[in-house]
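*Asks:* Sharing a structure, written as structure tokens. Questions coming.
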Amino acid sequence: MGLGWPQAWLLGLPTAVVYGSLALFTSILHNVFLLYYVDTFVSVYKINKVAFWVGETVFLLWNSLNDPLFGWLSDRQFLSSQPWSGARLSSKAVVLARVRALGRHGPLLALSFLAFWVPWAPAGLQFLLCLCLYDGFLTLVDLHHHALLADLALSAHDRTHLNFYCSLFSAAGSLSVFASYAFWNKEDFSSFRAFCVALAAGSGLGFLGATQLLRRRVEVAGKDPGCSTLAMDGGLYGEELLVGSEEVGSITLGQYLRQLARHQNFLWFVGMDLVQVFHCHFNSNFFPLFLEHLLSDHISLSTGSFLLGVSYVAPHLNNLYFLPLCQRWGVYAVVRGLFLLKLGLSLLMLVAGPDHPGLLCFFIASNRVFTEGTCKLLTLVVTDLVDEDLVLNHRKQAASALLFGMVALVTKPGQTFAPLLGTWLLCFYTGHDLFQQPPMTPVGSAQPWPEPPAPAPAQAPTLRQGCFYLLVLGLIELLRAFLSC
């Protein structure tokens with residue numbers, strides 16, 4: 001019996017399209033989560049300040065530690081560099097194991113996303129549990145998805161091709177931010193809750209369908225040598241490797257860390273990436289603040305809301321142009337060029353000053369877009385480090401999920417230091433303490449920019465000037481990142 005045309009059409013989709021679609025099912029949830037979870041607990045559930053900071057502190061620790069923990073649990077059997085007894089497992093089976101993990105954890109990520117929008121426990125306890133559950137499943141999905149980038153394709157060209165579709169589908173997923181504006185209402189939360197249920201259902205079903213398709217593609221590639229898929233190019237049905245229970249030949253976590261400490265390119269990269277992650281989240285955290293204090297007199301509220309929404313989509317669209325450049329000139333040359341471009345724009349803005357609204361608007365938007373785009377390109381660099389680790393330490397199989405986890409362990413603290421250092425610098429230079437003002441309502445709510453208490457005339461220029469210098473302070477981070485690259 002032949003296949004129906006929808007099933008035949010789905011099975012005929014390129015591997016890169018199926019792999020990239022997984023980014024869609026993550027981004028439609030994560031962008032809404034980032035934009036609304038704080039305001040939901042602060043304004044709707046009325047969480048108190050102590051419970052909020054306790055939850056954020058525990059989340060900081062869990063967020064930093066779960067990447068290497070899950071990576072170690074996933075890939076520790078691949079670390080042996082000596083022959084030893086154990087079951088034989090093909091490279092194709094390693095990829096299939098990652099695909100099955102995505103099929104399990106993707107729907108669980110969707111369920112944990114739903115837990116934010118329905119009050120089911122005291123606000124402080126729900127905040128803590130929801131953050132840890134959601135971030136745990138998000139980490140598992142991200143680790144296996146990124147690991148597949150290294151496992152599905154070996155050449156830089158094929159990896160760039162896979163990343164191209166990830167950017168395309170991530171841009172499509174970012175449109176959920178625009179759709180959310182129509183449903184967000186703190187006074188009547190039911191419509192927004194129904195919207196989140198629809199997003200979670202679409203994401204969960206999408207993960208199940210995409211992983212089933214990807215599993216079929218990998219299995220077909222292993223059976224049919226004539227099948228032209230990216231899975232074949234990655235050598236999925238090549239030699240076998242030895243894995244099994246921990247016996248002689250396996251290495252401990254301490255030995256693995258010592259191996260990483262001797263990996264010079266890894267050390268240079270995580271130092272640079274820490275600064276880049278800091279700058280990326282610094283721009284995200286203070287984007288509404290910069291719009292409010294630097295441009296609110298020159299643009300309307302609807303324009304500000306539109307700029308904030310576009311800032312989620314534009315980095316992915318921009319990468320559709322950067323990735324072909326990576327294929328032509330290499331990832332390192334493109335990343336270095338972006339550092340130099342941002343450095344030049346920062347110098348230009350510093351010389352021009354804050355009294356050129358058109359130039360300032362372009363700089364704020366381009367700074368966020370180029371920084372976010374660079375962060376996404378750095379995934380390709382990590383895949384090269386995975387290959388280098390495989391060769392340097394004579395591993396039987398690339399421990400891709402574990403290496404991605406170790407990179408995250410070093411760089412994720414930049415997410416926390418960005419708002420802390422930014423608010424401290426603003427208070428230090430201007431005397432303006434953000435925590436003494438009423439919390440700003442996120443763009444997309446009924447009143448995106450509430451009217452702040454009017455400062456004394458002599459203080460107004462100081463606050464505006466402080467925000468301007470806080471913005472161009474990224475110049476120092478770019479210099480450090482460029483010198484570390």
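From the backbone N, Cα and C atoms, a Cβ is placed for every residue, glycine too.
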*Asks:* If TrEMBL is the reference, give me the range from 266-287, 398-419 marked as transmembrane segment.
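*Replies:* Within the set 266-287, 398-419, TrEMBL attaches transmembrane segment to 266-287.
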*Asks:* With TrEMBL as the source, which of 50-65, 466-481 is set down as transmembrane segment?
*Replies:* 50-65
*Asks:* Hey, which of 16-38, 117-141, 190-210, 266-287, 329-352 has the most Cβ-Cβ pairs under 8 Å against the transmembrane segment (50-65)?
*Replies:* 117-141
*Asks:* Six or more residues out from either end of the transmembrane segment (117-141), which same-chain residues have a Cβ under 8 Å from its Cβ atoms?
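*Replies:* Residues 22, 26, 30, 33, 37, 40-41, 45-48, 50-52, 54-56, 58-59, 62-63, 66-67, 70, 101-102, 105-106, 108-109, 189, 192-193, 196, 408.
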*Asks:* Between the stretches 16-38, 190-210, 266-287, 329-352, which wins on the count of C-beta pairs under 8 angstroms to the transmembrane segment (162-184)?
*Replies:* 16-38
*Asks:* In the same chain, who gets a Cβ under 8 Å from the transmembrane segment (16-38) while lying at least 6 residues past its ends?
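*Replies:* Long-range Cβ neighbours of the transmembrane segment (16-38): 102, 106, 109-110, 113, 116, 130-131, 134, 138, 141-142, 145, 148-149, 152, 161-162, 164-170, 172-174, 176-177, 180, 184, 192, 196, 199-200, 202-204, 206-207, 210-211, 213-214, 217, 230, 284, 312, 442, 444.
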